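Structure, as structure tokens:
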Amino acid sequence: MLKSTARKRKAPSTGPSGLQRRVRARKEEVDSEIDESSNPSENEGSERSSDEDEEDEEPKASRSSKSNLDMASISFGALAKAQASMPKRSKKESAESEESEIDDSGSDSGNESKYRKRGGLAKRSSKHAPTEMSSKRPVSRKREIFQVPKVEARDPRFDPAVNSGGSNFDEAKAKKAYAFLDEYRDSEMAELRMEIRKTKDAAQKERLQTLLQSMQNRKKAAKRKDDEKRILEEHRQREKDLVQQGKQPFYLKKSEQKKRLLTEQFKGMKKKQVNKVIERKRKKVAAKEKMELDQLQRR
């Protein structure tokens, strides 16, 4: 089939129509020569241009016919081999060519390409690569001319003016200024005792007793702390006086401080109360030792 089509395409078109065309063209040339002889100055330029056009058209027509004949004679297998032998275009090159085609096509496509160049659209070098986006952001039109100082919340728990960690903090002054809180706590404890006596609900009574016990323990701990500070202050004042007399200073150890605190604590107690406190202390120490022994046995 391919050979027959090639032969058909190769065969030149010879017929009466072709001869008539040639005859007509020659007749027209004779007429034009007669016109030129009548008016030679006007038709010289037109003759030259027509001759040149005919000369250009003849080789173009011959070239196109030759190329068509050559392509028709080539088999599909040869075309496939030629295409396979040609270097393949990468995706990047094809994308760039597409972008260039888009840039060339009209004003709308030009605006789109500009938008892409600015980084408005997300790009990826390949389908496995992460999406690349521009980190540039438009600057806000709002401008801060006068900087307003930031209002920060003041928490007294972490305020150096309130805590003892501050350099200018005076604990004695603070305690004197907030002495009314101790009186307020004492009145609260008295109200709790009255409620415990009046209430008949066992659960409510137990809850009020635990609250009263915690308040009493806090008061005792504060009193013990005050006693420790008072003993240390007395000892320091005594040592200052002795140093002025020319003696060596003596610094109290922690164990010595505890002994003096216990003696101060037992001074205002009766013998029965002292025995009770000592027994409670002994039980506490025994329970602690027992717990430590159990932990050692488990290991």
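Even glycines carry a Cβ here, placed using N, Cα and C.
Quick look at what Swiss-Prot lists:
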- 186-290: coiled coil (COILED)
- 1-11: compositional bias 'Basic residues' (COMPBIAS)
- 96-106: compositional bias 'Acidic residues' (COMPBIAS)
- 115-127: compositional bias 'Basic residues' (COMPBIAS)
- 141-158: compositional bias 'Basic and acidic residues' (COMPBIAS)
- 224-242: compositional bias 'Basic and acidic residues' (COMPBIAS)
- 1-169: region 'Disordered' (REGION)
- 215-254: region 'Disordered' (REGION)
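Residues 185, 188-189, 192, 260-261, 264-265 of the same chain sit 6 or more residues outside the region 'Disordered' (215-254) yet have a Cβ under 8 Å from a Cβ within it.
Long-range Cβ contacts of the compositional bias 'Basic and acidic residues' (141-158) within its own chain (Cβ-Cβ under 8 Å, at least 6 residues beyond either end) are absent. Across the compositional bias 'Basic and acidic residues' (141-158), DSSP assigns 0 helix, 0 strand, 18 coil. Residues belonging to the coiled coil (186-290) score a mean pLDDT of 87 in the model.
Using DSSP to sort the residues of the compositional bias 'Basic and acidic residues' (224-242) gives these counts of helix, strand and coil: 19 helix, 0 strand, 0 coil.
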